[in-house]
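Below is one structure; the comments refer to it alone.
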Amino acid sequence: MWKRLLIVSAVSAAMSSMALAAPLTVGFSQVGSESGWRAAETNVAKSEAEKRGITLKIADGQQKQENQIKAVRSFVAQGVDAIFIAPVVATGWEPVLKEAKDAEIPVFLLDRSIDVKDKSLYMTTVTADNILEGKLIGDWLVKEVNGKPCNVVELQGTVGASVAIDRKKGFAEAIKNAPNIKIIRSQSGDFTRSKGKEVMESFIKAENNGKNICMVYAHNDDMVIGAIQAIKEAGLKPGKDILTGSIDGVPDIYKAMMDGEANASVELTPNMAGPAFDALEKYKKDGTMPEKLTLTKSTLYLPDTAKEELEKKKNMGY
């Protein structure tokens, strides 16, 4: 009798161990592929999943929330082990996240946060301190102009995106005690190069062919790279006639720095999935709940280290 019980217990333990060791499947609702940084984030997520033996299913939202919601519902229907979301905007997520919660599928937010009353609808948000990122650019500008008058034009990210809201806020906080620095125009460039160029062209036209503009602050590098092209086409020198400051740290911004056409960028790591996978595996193993906010590092880079930083970006999928 005892021998039989021991055998049954051993089999049960083995089956439990096998269940824990079973490969995980994660659905990832990605915003889109609007920038070099976003492409790198997707590439790094694939790499992080592969080295853990996790099956990663990626759905490109094409910068539309309705597409992302459909993808999340599809992942719920498929019965995935977890869902990662890089939310295009901060609001409107409650209904679909409740569906995931009812299905007992944990949700992890990457890069961007959401605005929900019920914080139990997601496990954690893996993101940078986007307010700090905006502030780092603002602090740099205050020192750079050293009290001289400086009119700034701002290329905002996607309207309603948490990163756009926070990066705007951080920059504004940094310059609030610098009366010599004023934001004279601000408009969304939707985080894309083409839109960044288009909006910058309108800013230049409205401001005496750019002569009234001291600096362009963009919520990501891709928009400022588009703006650099617009500045050049207007017969001005980017990085000199009009200073630039942006966020992401993509390879092309370091190339622009090396060419003397860009001044400052705050690097945002594309590895948002790694910490999320770590948290998921701990949760699946023993129920460990992660902190609600997992912050990644943000660092200001200037032209003097551009070549070195560019080398680090090789083979990252930008």
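Note that Cβ sites are derived from N, Cα and C of the backbone, with glycine treated the same way.
What Swiss-Prot records for 1-21 is signal peptide. According to Swiss-Prot, the feature beta-D-galactofuranose binding site maps to Glu34, Ser35, Gly36, Trp37, Arg38, Asp111, Arg112, Arg167, Asn220, Asp248, an assignment based on experimental evidence. The disulfide bond annotation in Swiss-Prot covers Cys150-Cys214.
Locations of recorded Swiss-Prot features on the structure.
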| residue | record | CB count, 10 Å |
| --- | --- | --- |
| Glu34 | beta-D-galactofuranose binding site | 22 |
| Gly36 | beta-D-galactofuranose binding site | 24 |
| Arg38 | beta-D-galactofuranose binding site | 24 |
| Arg112 | beta-D-galactofuranose binding site | 26 |
| Cys150 | disulfide bond | 21 |
| Cys214 | disulfide bond | 21 |
| Asn220 | beta-D-galactofuranose binding site | 33 |
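According to DSSP, Arg112 (beta-D-galactofuranose binding site) is assigned to coil rather than to any helix or strand. Counting in whole angstrom, Arg112 (beta-D-galactofuranose binding site) lies 31 from Cys150 (disulfide bond) by their C-alpha atoms. Taken over all pairs of the listed beta-D-galactofuranose-binding residues (Glu34, Ser35, Gly36, Trp37, Arg38, Asp111, Arg112, Arg167, Asn220, Asp248), the Cα spread reaches a maximum of 18 Å, rounded to the nearest whole number. Between Asn220 (beta-D-galactofuranose binding site) and Cys214 (disulfide bond), the C-alpha separation comes to 18 Å. Gly36 (beta-D-galactofuranose binding site) and Cys150 (disulfide bond) are 29 Å apart (CA-CA, integer value).
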